[in-house]
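Participant: Quick one: this structure, given as structure tokens, is what I'll be asking you about.
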Amino acid sequence: MKRKALFLDRDGVMNVDFGYVHQPERCVFIAGIFDLVCLANETGYAVIVVTNQAGIGRGYYSEAQFASFMQWMSDRFVKEGATIDRVYHCPHHPDAALGAYRKSCLCRKPSPGMFDAARQDLDLDMPASILIGDKRSDMEAGRRAGVGHCFLFGSKEKSEVPNGALAIDALLEVTPLLKAKPAIIQA
Ligand SMILES: [Mg+2]
Ligand SMILES: [Zn+2]
């Protein structure tokens, strides 16, 4: 049976988005994130981070700095009893990045490339999966990848919520969905 995923955008969903966060001292976790990931672990969802990191392409920090920061984040989750299963990141930017990082790639959201890679790597049930993001580009990427439940977190303007997405003001508003038992189809 295919596995369900909880896809999480990083900046603005897991940590406060101060812009190009890549150091532990700049990382402020968002209320509810540890409980959310714990619950997703318990209910069998693969927890997958999908994050645009054009700061790498722009030369603000390196791939190695990004990787070591993500390792630190992962370790913090483990200390809270929670596991992040995978991290996918896009280091590119179509015009602001340097050298080989400057390209119109298939992975930068709103393109669905990171979701597609996760689906193939982990054999995911996309219609049963959940995405939480804080930008319209997250919602578009999720929709294009076929993610069944897309939540726009912390949006000030409810009119900004695209069709097919739901607005949430707190991460734990998705708790009932994570706990929901799949409908049993009677033969
Ligand atoms: Mg974000
Ligand atoms: Zn990319």
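For all residues, glycine too, the Cβ spot is worked out from N, Cα and C.
According to TrEMBL, the protein carries these features:
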BINDING   Asp9, Asp11, Asp134, Lys135  Mg(2+) binding site
ACT_SITE  Asp9  active site, nucleophile
ACT_SITE  Asp11  active site, nucleophile
SITE      Thr51  site 'Stabilizes the phosphoryl group'
BINDING   Cys90, His92, Cys105, Cys107  Zn(2+) binding site
SITE      Arg108  site 'Contributes to substrate recognition'
SITE      Lys109  site 'Stabilizes the phosphoryl group'
Participant: Can you list which of these binding-site residues (Cys105, Cys107, Asp134) have a Cβ closer than 6 Å to ligand 1?
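Facilitator: The ones that qualify, in sequence order, are Asp134.
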Participant: Around the Cβ of Lys135 (Mg(2+) binding site), how many other Cβ atoms lie within 10 Å? Please give the count over every shown protein chain.
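Facilitator: Excluding its own Cβ, the number within 10 Å is 20.
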Participant: Which residues, same chain and not among Asp9, Asp11, Asp134, Lys135, have a CB within 8 angstroms of the centroid of the CB atoms at the recorded Mg(2+) site?
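Facilitator: For the Mg(2+) site, the extra neighbours are Arg10, Gly12, Val13, Asp17, Gly133, Asp138, Phe153.
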Participant: Here are some recorded positions: His92, Lys109. Which one has the most Cβ atoms within 10 Å of its Cβ?
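Facilitator: Of His92, Lys109, the one with the most crowded Cβ is Lys109.
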Participant: Between the Cα atoms of Lys109 (site 'Stabilizes the phosphoryl group') and His92 (Zn(2+) binding site), find the distance and write it as a whole number of Å.
Facilitator: 10
Participant: Whole-number Å distance between the CA of Lys135 (Mg(2+) binding site) and the CA of Arg108 (site 'Contributes to substrate recognition')?
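Facilitator: So the alpha carbons of Lys135 (Mg(2+) binding site) and Arg108 (site 'Contributes to substrate recognition') sit roughly 13 Å from each other.
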Participant: Would you mind sorting out which recorded positions among Asp9, Asp11, Thr51, Asp134, Lys135 put a C-beta under 6 angstroms from ligand 2?
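Facilitator: Close enough to ligand 2 is none of the recorded positions.
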Participant: Using the alpha carbons only, what distance in Å do you get between Asp9 (Mg(2+) binding site) and Thr51 (site 'Stabilizes the phosphoryl group') once rounded?
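Facilitator: So the alpha carbons of Asp9 (Mg(2+) binding site) and Thr51 (site 'Stabilizes the phosphoryl group') sit roughly 5 Å from each other.
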Participant: Distance between Asp11 (Mg(2+) binding site) and Arg108 (site 'Contributes to substrate recognition') at the Cα atoms, whole Å?
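Facilitator: With the alpha carbons as reference points, the distance is 14 Å.
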